[in-house]
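Undergrad: According to TrEMBL:
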| type | residues | note |
| --- | --- | --- |
| COMPBIAS | 43-57 | compositional bias 'Low complexity' |
| DOMAIN | 183-254 | domain 'Concentrative nucleoside transporter N-terminal' |
| DOMAIN | 264-361 | domain 'Nucleoside transporter/FeoB GTPase Gate' |
| DOMAIN | 368-577 | domain 'Concentrative nucleoside transporter C-terminal' |
| REGION | 1-57 | region 'Disordered' |
| TRANSMEM | 73-92 | transmembrane segment |
| TRANSMEM | 104-125 | transmembrane segment |
| TRANSMEM | 146-166 | transmembrane segment |
| TRANSMEM | 178-195 | transmembrane segment |
| TRANSMEM | 207-226 | transmembrane segment |
| TRANSMEM | 262-284 | transmembrane segment |
| TRANSMEM | 296-319 | transmembrane segment |
| TRANSMEM | 339-361 | transmembrane segment |
| TRANSMEM | 426-450 | transmembrane segment |
| TRANSMEM | 462-481 | transmembrane segment |
| TRANSMEM | 522-542 | transmembrane segment |
| TRANSMEM | 554-580 | transmembrane segment |
Amino acid sequence: MSSDDRDPAVISAMLKRTPSGSSKKAGSISPADLAADPEKHASAPLAGPVPSASASASEEPSRFTQLYNRNRWVVHAFFAALFTGWWIASLVLHRNDKNWVVPFLLWLAIMLRIIFFYVPSSLVAKPIKMVWKTVAVSVYDRIPENLRVPAGAAVTIGVMLIGTFATSEWEDNNRKNRAVSLFGLAVLIFSMWATSANRSKIEWRTVIGGMLAQFIIAIFVLRTTVGYDIFKFIADRAGDLLGFSKLGVIFLTSEEVAANSWFLLSVIPAIIFFISLVQVLWYLNILQWFVNKCAIFVFWALRVSGSEAVVAAATPFIGQGESAMLVRPFVAHMTKAEIHQILTCGFATISGSVLVAYIGLGLNAQAMVSSCIMSIPASLAISKLRYPEVEQTLTAGKVVIPEEEEEHAQNALHAFANGAYFGIKIAGTIVASLMCILAFVGLVDGLLGWWGSYLNINHPKLSLELITGYICYPIAFLLGVPRDGSLYTIAKIIATKIIKNEYVAFTQLVAEKDLSPRARLIGTYALCGFGNIGSLGIQIGILTQLAPSRGGDVASLSISSFLSGVLSTLTSAAVAGLVVSNQSSEGVMKLMSF
């Protein structure tokens, strides 16, 4: 991939939207054209069809939109003044009793967004790019090509060693346990390299960059006050969302009923509400903008294709399957490595909707939020180790995503209503899948228990959880779980997550009151992913629907990507074991007491 292909403009173009219709723009090509002859169309941008006359009429801006476009500067000036006044007031009134970093960052983000409506972002991007080329790229170019990968690996290992052993010890977060986590991380990475589909084609920049990014995020969250406060703020706001969804449950039932920690009353309403909110943010183009910025960094820093960058950046926010819909026109023409990566991303993390719901169970919210972010680079690194790219990728150049074929919302309220309906469908799928999977596991456990009774295996009875718990015992050890009686407990919970799902596993984790803070934190990170048998079927079904012609490839890659996704989540747990500190452990204890 050339340096031009990694330019931010490339990935930015992927999130531009073009209406659907019947003919193509002059000078543009379809995904099928480029797939048929990539060299001929290598420099041509991909574009969606031009709208028909009826489509153009239906896309005519509303009166409110026209009014906003004429007076946009007034609206922007109002919000700039409003948030500037709010920020100044917060500094004056709460400088000492409340954290000032988060309000400042929020104000800065809003002001920059308003400024860039009128000032080209290149005025800021070009100087940064120039400094980067002058400093980092010039140093990189001076390193002989055959030494660049070893140099990058040495820097990454050095950063991990310093970050792991330089800080002081605290209770069970001692250097001995951290060393076990470091060894476990090395074993997980080596296992992916040893079983790689093509070791000679591994893109080591992606692997090294992904693991380094994962470690830096963990350091930022678990070792720095600023990072801890930022992610605590995000987690607290996610908890507030859960409270808002409970208001609807209270209206439909009562406060006494809503106070029960039932799956149907605590998890499902939060999922439906969050999906509705996502649809509104999508209608307002806020979510696209945010995913775009995340994808730019992923695309540029880790040398992956445009489709992979978009899916990786979007998965923690909108979930497995739904993130693949962002690149729906190109799924049929993806390489096997790209399909493997998209599947791995879905298994490696959880979506924002269930994240909000799981926080309500009493879990460490900061750990869950940071784990979702850490799994983005981890899934890219692990997937590229297990299944390297050996083909010409379709989205290595400039691409755009054609407009969806479904009817679009006419306003924000319409988008919210559509989101509620879509949320009901997603929630129904989750409930049905959960019910059937648990019933099937119960059937298998019954058969195993009957078979084991003839071997006098009765206390406890032979079951999938018992078998996989012992299989996961060395995994729990390699993650750095303290050897104080917590090993088998965490191993059994990890096995439950894989066999059943993460919700059942999280419920078991919350019920274990005797776990140490370190064991509980590592367990939370290890469970924070959709790597379970039920999700395997969901992902195969969704991608097969998006590209029926690639059903065979999706099915053949599913097991490999499933294991890669599970291991990606486990690497986040191992990294958390490396950097967990007194501060983060105290956060766990406070949450437990709450």
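Every residue gets a Cβ built from N, Cα and C, even glycine.
Any TrEMBL annotation is an automated prediction that lacks curation.
Keep in mind that this is a model prediction, so the values were computed, not measured.
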Undergrad: Is it possible to list how many residues within the domain 'Nucleoside transporter/FeoB GTPase Gate' (264-361) are helical, extended or coil according to DSSP?
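TA: Helix, strand, coil within the domain 'Nucleoside transporter/FeoB GTPase Gate' (264-361): 82 helix, 0 strand, 16 coil.
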Undergrad: DSSP-wise, what's the residue breakdown of the domain 'Concentrative nucleoside transporter N-terminal' (183-254) into helix, strand and coil?
TA: 63 helix, 0 strand, 9 coil
Undergrad: Should the transmembrane segment (339-361) and the transmembrane segment (262-284) be scored as in contact, given a threshold of at least 3 Cβ pairs under 8 Å and pairs 6 or more apart?
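TA: These two segments touch.
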Undergrad: Below 8 angstroms Cβ to Cβ, which residues of this chain, lying six or more residues outside the transmembrane segment (522-542), approach it?
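TA: Distant contacts of the transmembrane segment (522-542): 181, 319-321, 324, 343, 346-351, 363-364, 367-368, 371-372, 375, 429, 433-434, 437, 479-481, 490, 493-494, 497-502, 505-506, 509, 515, 554-555, 558-559, 562, 565-566, 568-570, 572-573, 576-577, 580.
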Undergrad: Would the transmembrane segment (262-284) count as touching the transmembrane segment (426-450), i.e. at least 3 C-beta pairs under 8 angstroms with sequence separation of 6+?
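TA: Between the transmembrane segment (426-450) and the transmembrane segment (262-284), contact is present.
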Undergrad: Among the recorded stretches 146-166, 178-195, 296-319, which has the greatest number of Cβ pairs closer than 8 Å to the transmembrane segment (554-580)?
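TA: Top-ranked stretch among 146-166, 178-195, 296-319: 178-195.
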Undergrad: Is it true that the transmembrane segment (178-195) and the transmembrane segment (146-166) have 3 or more Cβ pairs under 8 Å, skipping pairs fewer than 6 apart in sequence?
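TA: Since 3 or more Cβ pairs under 8 Å link them, the transmembrane segment (178-195) and the transmembrane segment (146-166) do come into contact.
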